[in-house]
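According to TrEMBL:
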- 12-35: transmembrane segment (TRANSMEM)
- 17-80: domain 'Major facilitator superfamily (MFS) profile' (DOMAIN)
- 55-75: transmembrane segment (TRANSMEM)
Amino acid sequence: MLTTTDVNGHPYNRLLLVITLLIGTFTTFLTQTILTTAYPTLMADFHISASAVQWLTTGFMLIMGIMIPVSAWLLDKFNV
């Protein structure tokens with residue numbers, strides 16, 4: 001059965017949850033791929049070095065690393 005209940009007894013659809021998680025994961029990888037292919041153009045247009053582009057990558061990954069626990073906290077706080 002695809003519909004189950006959480007610890008509070010609220011029903012939820014497991015298939016919808018899995019699809020949502022897969023879409024989020026796919027979007028994250030797609031965004032990283034798009035940024036990776038755009039780096040040479042950004043370097044040429046803004047006249048920045050490869051080390052500056054590495055900082056852009058690090059910043060993107062850092063924000064993702066911060067937002068994952070924050071989103072889990074928000075989901076727990078609002079009982080979603």
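Cβ from N, Cα, C; glycine included.
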Margin query: Going by DSSP assignments with H, G and I as helix and E and B as strand, what are the residue counts for the domain 'Major facilitator superfamily (MFS) profile' (17-80)?
Written below: 58 helix, 0 strand, 6 coil
Check: What is the pLDDT of the domain 'Major facilitator superfamily (MFS) profile' (17-80) when averaged and given as a whole number?
Finding: 86
